[in-house]
Amino acid sequence: MATLSSLLLTALLWVPVGTLTCYGDSGQPVDWFVVYKLPAHTGSGDATQNGLRYKYFDEHSEDWSDGVGFINSTTGAVGRSLLPLYRNNNSQLAFVLYNDQPPKSSESKDSSSRGHTKGVLLLDQEGGFWLIHSVPNFPPRASSAVYSWPPGAQKYGQTLICVSFPLTQFLDISKQLTYTYPLVYDHRLEGDFAQKFPYLEEVVKGHHVRQGPWNSSVTLTSKKGATFQSFAKFGNFGDDLYSGWLSEALGSTLQVQFWQRSSGILPSNCSGAQHVFDVTQTAFPGPAGPAFNATEDHSKWCVTPKGPWACVGDMNRNQREEHRGGGTLCAQMLWKAFKPLVKAWEPCEKKSRAYSLGSPAGLWT
């Protein structure tokens with residue numbers, strides 16, 4: 001029995017060697033997926049599992065499904081996709097881990113001048129994936145040799161989007177990062193990788209775009225041909241990502257979900273031809289929901305109410321982030337996932353709001 005159990009566990013955690021791609025909850029490679037980690041209060045059962053449940057959506061989905069297991073497990077999409085990072089044979093890979101709130105270490109870095117941006121690039125000579133997320137202190141450094149989920153990220157909602165790309169697309173992706181100006185806390189970029197991706201080498205060194213325009217939009221094509229639009233801005237752009245650029249670029253009103261327990265929150269904006277509304281409550285379809293308020297949700301996403309766009313990124317709507325780098329990744333096939341989630345939003349009549357910087361919520365960005 002013990003032998004059979006060991007074999008089953010090995011099969012569950014098996015990732016084919018040389019196949020560097022996003023992996024879905026099914027355990028099979030997928031072109032892309034989105035994971036929505038639910039706030040802690042929406043869980044049930046064992047208290048240790050509360051705050052680790054998630055919803056899942058990928059290229060094959062018609063609706064959100066419950067995640068397999070928990071977000072801190074390598075049986076699920078996020079953990080399984082990141083497994084190659086923590087293997088002993090990862091010397092053949094290139095990776096860049098960035099986060100304005102990196103995992104704790106003895107080396108303290110001031111991230112206030114860097115972009116408000118979080119993500120992972122993981123690639124080999126054939127291609128790899130870009131994981132964009134909202135999770136502080138995540139993922140662990142490669143030297144930890146184990147995947148884990150930060151305990152401090154269990155309480156609030158989080159979003160993660162993973163897209164598999166051919167190697168050539170990382171040229172454009174790395175250039176986008178010169179605008180978002182990420183704080184890189186772990187990387188390996190050696191030999192051919194450094195030569196092939198000079199922009200990525202500049203990013204690792206802490207360099208950024210030096211002249212305007214201070215924003216950049218590029219079309220990216222996944223391994224299976226899905227089209228994504230990447231929007232990136234540097235701090236000198238000096239405006240809100242959503243009302244100052246994205247709504248006009250997409251030609252549509254936006255409903256934006258972001259972290260609303262910080263100072264300087266920007267109210268809904270109806271001053272332009274395209275309006276931008278702050279989402280105040282999110283609800284998953286069905287009688288079981290769940291539903292939760294924006295003050296319980298650290299995720300960053302937006303949707304055009306009448307279609308056809310939805311975006312997942314790493315930027316909030318607040319005054320400080322008008323002057324910081326960051327961005328979002330948009331796609332039309334994401335619209336059917338996010339449109340049903342908006343339950344309530346703030347009308348433009350409300351001029352201002354203020355949330356205290358209480359601990360621990362106010363320490364998050």
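The backbone N, Cα and C atoms fix where each Cβ goes, and this holds for glycine too.
What you are looking at is a predicted structure, and each value in this text was computed from that prediction instead of being measured.
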N-linked glycosylation site according to Swiss-Prot, picked from Asn72, Asn293:
Asn293
Asn89, Asn215 - residue that Swiss-Prot labels as N-linked glycosylation site:
Asn215
Just confirming the record: what cysteine out of Cys311, Cys348 does Swiss-Prot connect to Cys330 via a disulfide?
Cys311
Closest of the recorded positions to Cys330 (disulfide bond), Cα to Cα, picking from Cys270, Asn293, His298, Cys348?
His298
When you rank Cys162, Asn215, Asn269, Cys311 by Cα distance to Cys348 (disulfide bond), which of the recorded positions ends up on top as the closest?
Asn269
Determine, to the nearest whole angstrom, how far the Cα atom of His298 (active site) is from the Cα atom of Cys162 (disulfide bond).
18
Express the distance between the Cα positions of Cys270 (disulfide bond) and Cys162 (disulfide bond) as a whole number of Å.
32
Whole-number Å value for how far Asn293 (N-linked glycosylation site) lies from Cys22 (disulfide bond) (Cα to Cα):
30
